[in-house]
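K.L.:
So TrEMBL says this about it:
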type    : residues                                 : note
BINDING : ILE11, GLY12, GLY13, GLY14, LYS15, MET16 : NADP(+) binding site
BINDING : ASN61                                    : NADPH binding site
DOMAIN  : 7-104                                    : domain 'Pyrroline-5-carboxylate reductase catalytic N-terminal'
DOMAIN  : 168-271                                  : domain 'Pyrroline-5-carboxylate reductase dimerisation'
Amino acid sequence: MTSNLLKIGFIGGGKMAQAMAKGFISAGLAKGETMISSCHPSDLASAKAFKELGAESLFENVPVVKKSDVIIVSVKPSVVPIALGDIKKAADVKADKLFLSIAMGVTIKQLEQFLPSESRVVRVMPNTPALVRSGTSVFVTGSRATEKDAETTKKLLQAVGTCEQVPEGLLDAITALSGSGPAYIYVLIEALADGGVKMGLPRDLAYRLASQTVLGAAQMVRDTNTHPGVLKDDVTSPAGSTAAGLHFLEQKGFRAAVIGAIEAATQRCREVAQSDPTK
Ligand SMILES: NC(=O)C1=CN([C@@H]2O[C@H](COP(=O)(O)OP(=O)(O)OC[C@H]3O[C@@H](n4cnc5c(N)ncnc54)[C@H](O)[C@@H]3O)[C@@H](O)[C@H]2O)C=CC1
Ligand SMILES: O=C(O)[C@@H]1CCC=N1
């Protein structure tokens, strides 16, 4: 049965859209045939990826809006005014629909200006682990979004991970932390495995151990309600190997580098938010 599933459209069918679409399918919230996407005509890889899911894949945005109940705006920030402009310009489109924008740095105010006045807007910041239903998402409702829209947003995003409502003022820092965060963790996993390989471990074993260690440590923080500093102390035996490893990390400025990364990424979001994407 597909008749009572929401018809979900993606304006922009790239990496994040594909992660969400695959997560929705594995959550049973969508089927290939209940989704539709658009992408740039040069982007044959995204078109192919959506077709392989069984979804319709187009190079035009207006039909995506016409055929969907919920539209996920998943183009780069600089493309948002162009893509939403296509919808505003179209005389024959009923845009009294829910638009979830995942674009970094594009504010609710800007989104509401780019879309027809009847459109309802929610701004979401997801991350790619939505693909395996371990995503982290937050959302902010726009001025015309209803309680039901907030419920629909939560239903979609909780099916692929966690989802909470936040004030818009936090979104840039959240983008820097959980939106971009998987990339930092992948670098950490690569570095852990590289270290293991340097010290003689086979590469595949090193990746399995590194990824499971990150997963286990994250679950400890999330599920034991214990401060990460206490959990770190539990690992650090007197005169042991962990103390030696931690000392090296502190000498190299590991903690300061991570804090600096979040600050730099937040700053980049603010630059995008402050720029006028129509210019
Ligand atoms: N990749 C990630 O982990 C996350 C990305 N985001 C946001 O998602 C958005 C997309 O990011 P990615 O998926 O990484 O980028 P991407 O480059 O993989 O995807 C962009 C898509 O937009 C399409 N596109 C370009 N021009 C278009 C147009 N005029 N009309 C319709 N589609 C058009 C491209 O063909 C492509 O499919 C960005 O705004 C980003 O800030 C948010 C959270 C996480
Ligand atoms: O790198 C970016 O701009 C996007 C936003 C968060 C993750 N990817």
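Glycine residues also receive a Cβ, built from the backbone N, Cα and C atoms like all the rest.
Remember, TrEMBL labels are computer predictions, not curated facts.
These numbers come from a predicted model, not from an experiment.
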K.L.:
So what pLDDT does the domain 'Pyrroline-5-carboxylate reductase dimerisation' (168-271) average out to?
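P.N.:
Within the domain 'Pyrroline-5-carboxylate reductase dimerisation' (168-271), the model's average pLDDT equals 98.
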K.L.:
I'd like the number of other C-beta atoms within 10 A of the C-beta of LYS15 (NADP(+) binding site), please.
P.N.:
13
K.L.:
Of ILE11, MET16, the binding-site residues given in the record, which has the fewest other CB atoms within 10 A of its CB?
P.N.:
MET16
K.L.:
I'd like the number of other C-beta atoms within 10 A of the C-beta of ASN61 (NADPH binding site), please.
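P.N.:
That number is 25.
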K.L.:
When you tally the Cβ atoms that lie within 10 Å of each candidate's Cβ, which of the binding-site residues (GLY12, GLY13) has the highest tally?
P.N.:
GLY13
K.L.:
Using a Cβ cut-off under 8 Å and a sequence separation of 6 or more, which residues in the same chain sit near GLY14 (NADP(+) binding site)?
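P.N.:
Looking at Cβ-Cβ distances below 8 Å from GLY14 (NADP(+) binding site), excluding near sequence neighbours, one finds CYS39, ASP43, SER46, SER74, VAL75.
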K.L.:
Please report the distance from the Cα of MET16 (NADP(+) binding site) to the Cα of the residue listed as 'NADPH binding site', rounded to the nearest angstrom.
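P.N.:
Computed Cα spacing between MET16 (NADP(+) binding site) and the residue listed as 'NADPH binding site' is 17 Å.
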K.L.:
Calculate the distance in Å between the alpha carbons (Cα) of LYS15 (NADP(+) binding site) and ASN61 (NADPH binding site), and round it to a whole number.
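P.N.:
Roughly 18 Å, rounded to the nearest whole number.
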K.L.:
Any idea what DSSP makes of MET16 (NADP(+) binding site), helix, strand or coil?
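P.N.:
The three-state answer is helix.
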K.L.:
Report the nearest neighbour of ASN61 (NADPH binding site) in space among the binding-site residues ILE11, GLY12, GLY13, comparing Cα positions.
P.N.:
ILE11
K.L.:
Counting each residue once, how many in the domain 'Pyrroline-5-carboxylate reductase catalytic N-terminal' (7-104) are helix, strand and coil under DSSP?
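P.N.:
Grouping H, G, I as helix and E, B as strand yields 42 helix, 19 strand, 37 coil.
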